[in-house]
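Following: one structure in structure tokens, then a few remarks.
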Amino acid sequence: MGKQEPDPKSLDDSNSTHKPDTSTVDVPVATNMAIPSIPSSLLPQPSWFTAKRLLAVFCVINLINYVDRGTIASNGVNGNRRTCTKDGTCSSGSGIQGEFNLSNFQDGVISSAFMVGLLVASPIFASFAKRVNPFRLIGVGLTVWTIAIVGCGFSINFWFIATCRMLVGVGEASFISLAAPFIDDNAPVAQKTAWLGIFYMCIPTGVAFGYVYGGLVGNHLSWRWAFWIEALLMLPFAVLGLFMKPLQLKGFSHIGSKKPLTSPLTACPEEAVLNCSNGLSSTREDPKDGSKGAPSNLNELARFWKDLKMLHLEKTYVINVLGYIAYNFVIGAYSYWGPKAGYYIYHMKNADMMFGGITVISGIFGTLAGGFVLDRMTSTISNAFKLLSVATFLGAIFCFAAFCFKSLYAFIPLFAIGELLVFATQGPVNYVCLHSVNPGLRPLAMAMSTVSIHIFGDVPSSPLVGVVQDRINNWRVTALMLTSVLFIAAGIWFIGIFIHSVDRSNEDSENQICDAERARSQPLLKEKSNEPIEVPVESS
């Protein structure tokens, strides 16, 4: 049948009764179908962007973050408390612990203060990712980190440095929550775990360099200079994060493209959708009743709790995080107390250098090997759990055996092999976090994983190890008690092998289209809808 063209006059008359707001332009959005993305060739791309360049930048930032964690634990910066002998001779101590005369418990609290800031801020940044461009949030976080690190160098007492360390955690929270999803979006399909492995390789590498760096700077300059130099290294990245043309995450684009977006305009064309430009969500007046279109704070909170509930219903995600908690309980205490334990157990004169060297070599090869092995096995969630459980169990055996030997020459190779196996988990464990949830939940999944592994892992482990050591005064026994927790982590991840798992990384996200825009827009088409479509017709 022929299709009759509508009278132009009737269309003019119909449109005259519904004039759009002149300050913005509404784009009709289909509720049941994705709108094709604007071709990237027609949009200005960030001149700096390539996938490998993004990985390199994020790796350097991650490296600096973990250099700081190694620095605060090094003997050169952390130092030793003041001691007195029976004949009344007292030493002044060294580093932070010596200058502020801190107990081992207070020393552990400084480490935990950082984690408190991290765990409080991580879900907040993840929630903001739905309204503010995630790349911009990383820039804001790095700026807070830089300012707080400078404050650490100017500390005057225990409470001042504890507060600054808490703010350092706040600043790092945005990067920890949002960097991995960016890498997962832009990594080649067959190398996703390997790329994640390269990124997380910076954790042991950074901590190891932090031991060495803190020992050198603390002994030759001052523990305060160690923080100030870190701030100078991070400052350029903070500035670039704030002023570079930002990228966009899959699952948060305004237009339903599944491809990683390399421009905020691809996700939110500024001239087409004002309220999503540059990743920001603004409120607009509804043309009918003048009410605000954006969700209220109460609705935002309700959405957050809804997303949180969805995470807790993902059994694969929960099992993965539970194993990660037990794992991080050990690794967090290792990183903070390792050099000091080595100093007292094996009388290492250069404990910072020794632990730094073991950790950097084992960390680099272990983390890279874990990612590449999983890719060769075929990256699936089930295979990831197999690798996690086996590598952690074998690593626990070697680390436990290492502390049983009194000889330093037996300790070093056994502990190095144990750390290599333990660090092989970094790529697979984060692969499971990213692929067991909907793309729109990835920032929250990473944030809650970070919160969980710290609030139940290394936040209590550092002071608890300090308390145990204060009571039993035997670093070897303390280290063996701590290492045994790795067997629990291996057992939890072993359970994950038998849980039915689905890779959800390619599912459509409900956040693909801004909710406020979706609510206001009239669909172009409604598939399988029984509702009549009203077409304005000029009455005769």
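Residue positions begin at 1 at the first shown residue.
Positions of Cβ are set from backbone N, Cα and C atoms, glycine also.
Annotated range for transmembrane segment in TrEMBL, selecting from 164-184, 353-373: 353-373. Beyond the ends of the transmembrane segment (135-160), by six or more residues, the same chain brings 61, 65, 68, 96, 100, 102, 106, 110, 121, 125, 128-129, 167-168, 170-175, 178-179, 182, 224-228, 230-231, 234-235, 237-244, 246-248, 278-279 to within a C-beta distance below 8 angstroms of the stretch.
On the 0 to 100 pLDDT scale, the model's mean across the domain 'Major facilitator superfamily (MFS) profile' (54-508) is 80. Listed as Cβ neighbours of the transmembrane segment (317-337) (distance under 8 Å, sequence separation of 6 or more from its ends, same chain) are residues 69-70, 72-73, 108, 111, 207, 311, 385, 388, 392, 422, 425, 429, 432-433, 436-437, 445, 448-449, 452-454, 456-462, 464-466, 469, 482-483, 485-486, 488-490, 492-493, 495-496, 499.
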